[in-house]
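Read the structure below first, then the notes.
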Amino acid sequence: MPLLYPLLLSSALFGIGLYGVLARRNAVMVLVGVELMLNAVNLQLVAYDAWFAETLHTGQVLTLFVIALAAAEIGLGLAIVMAMFRATGSIDVDEADRA
Amino acid sequence: MIVAALLVLLAATVALMAAPDRFRGRSAAGLGAAASALTFVLLALAWDGKASTSGEVDVAWIDVLNARFHLGLDGVSWPLALLTAFLTVLCCWWLARSGAGPAPSARFVALLLVVEGSSIGVFASLDLLLFFVFFELALIPMWFVIAYWGDPKDQAGRRRAATRFLLFTVTGSAVLLVGIVVVAIEAGSLQIADVQGTHSVLAASLIAIGLAVKVPIVPLHTWLPDAHGKAPTVGSVLLAGVFLKLGTYGLIRLDVQMLPSATAEIAPYLAAAGVVGIIWAGLVCLVQDDLKRLVAYSSIGHMGFVVLALATMTEAGVTGAVFGSVAHGLVTGLLFFLAGGLKDVHGTASLTALGRGLYERTRWFAVALLVAGLATMGLPGLAGFWGEYLSLRGAYEEGALDRSLAWTLLGVATIGIVLATAYVARFVRMLLQGEPTPIDTDRDLRARGVVVALVVPILVLGLWPTLLTDLLGSGVMGTSLLGVGR
Amino acid sequence: MIRRWPYVALTAVVAVAVAIWAIPELDQRAFFGYVPTNATPTMLPSLSLDTRVLPDSAKVMLLAAGVTLLVQVYSTAYMGKDRRYRSYALLIVLFLVAMIAVVATDNLFVLLIGWEVMGVCSYLLIGHWWEQPQSRAGAMKALVVTRFGDLGLLVAIVVIGQTYGTYSITGAWVGAADQGQQHGTAIGLLVLLAVVGKSAQVPLQTWLPDAMPGPTPITALIHAATMVAAGVYVFARLLPLYGNDTTVMTALAVVSGVTMLLAALFALVQHDLKRALAWSTVSQLAYMFAAIAAGAADVGISHLVSHGAYKALLFLGCGVVMHAVGTSALSAMGGLRTTLPATFWTMTIGFAALAGIIPTVGFFTKDRVLESIHVATHGETPLPGGVAWALLVVAYVTVFVTAAYAMRLWMLTFLGLPSKQHVEPPSMTWPLVALGVACLALSIGEPLDLDTAALSTLVALAGIAFAWWRQDADLPGPVQRPLAAELGLDHPITRLIPAGTIGVARVADAADREGIDVYPRGGAVLAGLVSSAVRALQTGRVQVYASVIAVGAFVVVLVGVIAR
Amino acid sequence: MSLPEAVFLILSAVAVASAVLAVGSHQLVHAALWLVVTLGAVAGCFVLMTAELLAWVQVLVYVGAVVVLVVFALMLTRSPTGSQSAEVTRNRPLAAVLGLLATVGLAATVIAGFRHERITGRLPGTAASIGDALFREWVLAFEVLSVVLLAALVAAIVISRSGSENR
């Protein structure tokens, strides 16, 4: 399988995720965008790992770490969103500075 | 000795800052005067003749930058350092005795001492970075002095003037710093004596522009009248007597002596700017209404003579620049004491508001102003004359300038002397003479000792110029001055 | 009551000291072969107390000291009740000391100091009654105009110092004698500028008549013995540095010729005694310069001394008259012959000396001036012969005019019917008597050239006859009016130059307040613009910031790719 | 084109399409569900790139945990689930341009770099091999990461709770 396939997919997902992060007003949707970007990175890591095929499995292990971190990040992020909602009654990022 | 002098000032400053409640009013001024007097004595004792660098201290400071804590005094810097200490003593004396204007507070005196100490540091520095550090250190306290103890009637104005002063001089300092860095990179050293003779026109111009703000050279002078107009009396005295000297001293030391070949290339511009300043300031003085602004502009004119003198880069010229600087410190210091004293008493320095006939109303003020005015117009026999004379002499010798330019500048500069006569005669006529118009606030000069203490050296230097010129002797342009003692 | 005798005593002490010093020098031969003691030329200025008193110097010193002493005595009566007598009397002493310094010193800087201190003293004394506007204006004008001239001396000293490497006058003489007169034209013209200012010659003549609001004894002091005389003296003193220069001598001859005739004509049409005498001083000073231009500096100095005596007499007499009449306007005088007898007789001597009537000293010294100009027409001096001839003609015409105005002033003051009784205080009259005696005594031993004497007496008598014929009538209108307006020569100095300078100064001041600040203000505006542009990005919306970061990242990558 | 490649392309198409819908959907809950589809498709891609273990982790953690959290968050914050609530910012055109630029830029880069490379699948990422690598070579990082996770856990609790106490 050509290495390009996953890489191109990754590029597309990254661009879409970036758009989501920059364009959506809803904080939860911003986090969704972030998840997409992280997945794009994961894809790349895995693709390189499969291509390079070294015994340490660096790419896959790092992907594992990224997923773990993503879980932590989404947990924290959502906690912040909750706090923000409690403080301002809105999860609109444009209005976060009113808190 | 120099370090001891600086430590005395530091100790007094710390004492004043730490216990502002203990030193109120006269006791603060007294402590300041005592510390400055001790500094004066220590500096005077530090002198070991013009053949060597006096009181040299040279210890490691910032190894990474190769900067050293290197102090020493020679024939150029010693008189200026003494002048600084002397003027500060008089300032403190004035604060204690004048009895008008804002009461002296411990913090105010402490700031004056910081200004004094850092100025002495500038004069004594033989390391470029140290020079710059002291140069900047002198700046901030002056901002406080103007912004917090300035014209009590115009709070917004004094803040604006102070900030203007700060912005101008800091911008100048930035340019100066770049110049210093260029020199340091080209020569690979920060020691003035080691750097000497480096040929870098870029560095020379940057240093000249940076210092031109401080001197100030037209057209970089517009901060000065504002700052003087709003500064407290002693602030004006130190600003004129000491601060402007930092600029001229810097030009002599860092440009004329340190980078002679490069400075020779920019000398025509410097000289022309100086002469333009003489004429410009003379003209503006003719129509000033505010006495303090008038004196400020007259300072610009005197500094023009100093710049012309040092730009010739002749022996006579550089001697004249030093002489002019010292004499200007005394003469303009005296004028600012008087103009500021009038403002403290009457709340204004406007010639029209002060009214006429001071000869009759407040005789001491009038006579002192007359003497100061005569000195400022360069009357032979008073200190102000010799700087102007040597400046013209330097221009006649051409030096770093070519003949047509030098002689043109000489001719134009002499017109400045006539303008000076005219504006002195004008303010004498408007203020001192005339049908007396007594006003309620009339009160004669109190701190007469200060005036006498300034008139005496003005007269002595006027009649005995060799007292100062002999310190420089021959070789003021050569390496002997900076190379000795190493 | 202010005690006045200490000031007189002080002046007397100075005068006596000067006399003891100067009298032995009167006989000294002119000096040759002097070797400067300080042989190493110095670049830097130094003052020294060295003096060099030559016979001519001694004469001038004695004149200055004598006249000052008399003025001081006279002032005890004239100014005795003035509240500011003390400063007045002390300034007179300072004036004398400065004059002595100028005359006696061997150091150019001491000369300059004395020269300028005299200028300042005259400024302060002319402005003594500073409550009066014309007094203030006259004082300021005197100061500024003479300071302008003084620049010449200042620059001349620069040039002398550079040329001869010394600031000693004798040193410079020796240098000029050894190496020839170097830069003679420049030095000469610069000194000429200085003395034109100080001695009120054309074109800087106008300050002297305007200095009349000062106290009359001061006028006598300035006009007779000190200030204006210093100009003549210094020019003669420095003559060895440029005396061979044709340009300088021609310029001096032109200046003196124009001045002597113009000033005499102005004096002829004045309606004010004091102002007329002031113009007469200007005219007589021009005589001295004419003598110097003709190469006879000693003749010039002789005339300086004799003029000092009779002009001091005339001014002090004028003071008595003003004291009595209360004004210096000629219309208020007349008939004072009987009421002020001592003044009348002494001033008659003074006017005779001014007009050049034998046997007063004025006659002899003026004749010697005429004679020296006549000698110069032979073309043996640096002065071109044609110029010398023109100068000679002008000088004779001036003799005529001088005699005419002297006669006119004398008639208008003393003849006619007495109006009322006046008093002459003794301390005012005896200085007059002393000076009157001096005007006659100084002529003892003066040489006499019969041809010149005959011609000049004839011309002077013609002038007197002319004045007698006209009586107090003005000259015909087309002549009278421009002369009374002093040909408008004062206009540039009093009006145009100050107004122009003030105009330029106002522009400069406005430019300084508004114009030069362009770059700091422009800097501020620029910073404001940049800041408002940057502020537009600071929306407070986190996604905008993120977008900016993304854009930045792209730009960086892009730059990296392109740069590679 | 082999079968895995065909499947990969199909999955890729699904992933991209659902990702576009996820960020573009006007309804928040729909967006979350489209995210599930994307993540699932990516997990499938993982399988095709021999990363079996990761595929499972992806499904468990992302699809299972993360998305559930997102949906919970949407509900807890009582976000309006109507269409207007999902509005985009004024920044949208710039965001679109940037997203496109990112895609194109990255694509250009990888095309330039890896045009001729192929994945061989010599060393499949089985649970055994990954576990081996993880606990033999990466154990320190792993432990550190567990601490980070714990910290995040605690922080999340603190943030949520402290907000409620303030009320």
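Placement of Cβ uses the backbone N, Cα and C atoms for every residue, glycine included.
Caution: TrEMBL annotation is automatic and unverified by curators.
Summarising the annotation, TrEMBL assigns transmembrane segment to B:28-47 (among others).
Look at TrEMBL and you will find B:76-96 (among others) tagged as transmembrane segment.
As annotated by TrEMBL, domain 'NADH:quinone oxidoreductase/Mrp antiporter transmembrane' applies to B:125-400.
Tertiary neighbourhood of the transmembrane segment (B:128-149): same-chain residues 61-62, 65, 67-71, 102, 108, 111-112, 114-115, 118-119, 121-122, 158-159, 161-163, 165-166, 169-170, 173, 176-177, 180, 183-184, 190-192, 195, 227, 230-232, 235, 238-239, 243, 246, 250, 254, selected by CB-CB distance under 8 Å and a gap of 6+ residues from either end. The feature transmembrane segment is assigned by TrEMBL to B:128-149 (among others).
Taken from TrEMBL, the feature transmembrane segment applies to B:161-185 (among others).
Tertiary proximity for the transmembrane segment (B:197-220) is limited to same-chain residues at least six positions away from its ends with a CB under 8 Å from its CB atoms, namely 168-169, 171-180, 182-183, 186-187, 243-244, 246-248, 250-251, 254-255, 258-263, 265-266, 270, 273-274, 276-277, 280-281, 300, 303-304, 306-307, 479. The transmembrane segment annotation in TrEMBL covers B:197-220 (among others).
Annotation comment: TrEMBL describes B:232-254 (among others) as transmembrane segment. Sequence-distant contacts of the transmembrane segment (B:232-254) (same chain, at least 6 residues past either end, Cβ-Cβ under 8 Å): 76-77, 80, 83-84, 87-88, 90-92, 94-95, 98, 101-102, 112, 115-116, 119, 122-123, 128, 131, 135, 138, 142, 145-146, 149-151, 176, 179-180, 192, 207-208, 211-216, 270, 292, 295-296, 299, 303, 306-307, 310, 318, 321-322, 324-325, 328-330, 332-333, 336-337, 339-341, 343-344.
Here the transmembrane segment (B:266-287) has long-range neighbours at 201, 204-205, 208, 212, 217-218, 221, 251, 294, 297-301, 303-308, 310-313, 395, 399-402, 405-406, 409, 412-413, 415-416, 419-420, 422-423, 426, meaning same-chain residues at least 6 beyond its ends whose C-beta is under 8 angstroms from one of its own. What TrEMBL records for B:266-287 (among others) is transmembrane segment.
Marked as transmembrane segment by TrEMBL: B:294-314 (among others). Counting same-chain residues at least six beyond the ends of the transmembrane segment (B:294-314), those with a Cβ under 8 angstroms from any Cβ of the stretch are 215-218, 221, 224-225, 227-229, 236, 240, 244, 247-248, 251-252, 255-256, 260, 263-264, 267-268, 270-271, 273-282, 284-285, 288, 320-321, 324-325, 328, 331-332, 335-336, 339, 351, 376, 384, 387-388, 390-391, 393-395, 397-401, 406, 409, 413, 416, 419-420, 423, 427, 477.
Here TrEMBL flags B:320-342 (among others) as transmembrane segment.
Same-chain neighbours of the transmembrane segment (B:363-386): 295, 298, 302, 320, 323-324, 326-328, 330-332, 334-335, 338, 341-342, 417, 420-421, 424, 427-428, 431-432, 444-445, 448, 451, 455, 457-459, 461-463, 465, 469, counting only residues six or more beyond its ends whose CB sits under 8 Å from a CB of the stretch. Residues or ranges marked as transmembrane segment by TrEMBL: B:363-386 (among others).
Within the chain carrying the transmembrane segment (B:406-428), a Cβ under 8 angstroms from the stretch's Cβ atoms is held by residues 271-272, 275, 278-279, 281-283, 285-286, 288, 291, 294, 298, 301, 304-305, 308, 312, 351, 369-370, 373-374, 376-378, 388, 391-392, 395-399, all 6 or more beyond its ends. The annotation transmembrane segment is assigned in TrEMBL to B:406-428 (among others).
Summarising the annotation, TrEMBL assigns transmembrane segment to B:449-467 (among others). When Cβ-Cβ distances below 8 Å are used as the criterion, the transmembrane segment (B:449-467) is approached by residues 86, 90, 93-94, 97, 323, 326-327, 330-331, 333-334, 337-338, 364, 368, 371, 375, 380-386 of the same chain, each at least six residues removed from its ends.
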Residue numbers, six or more beyond the limits of the transmembrane segment (B:161-185), whose CB comes under 8 Å of its CB atoms: 128-129, 131-132, 135-136, 139-140, 142-144, 146-147, 150, 195, 198, 200, 202-214, 216, 220, 222-223, 226-227, 229-231, 250, 254, 258-259
Distal contacts, the transmembrane segment (B:320-342) - CB-CB under 8 A, six or more residues away: 75-76, 79-80, 83, 87, 90, 94, 98, 100-101, 228, 232-234, 236-237, 240-242, 244-245, 248-249, 251-252, 256, 291-292, 294-295, 298-299, 302-303, 305-307, 309-310, 349, 354, 365, 368-369, 371-373, 375-376, 382-384, 386-391, 393-394, 445, 447, 450-451, 454-455, 457-458, 461, 465, 468-469, 472, 476
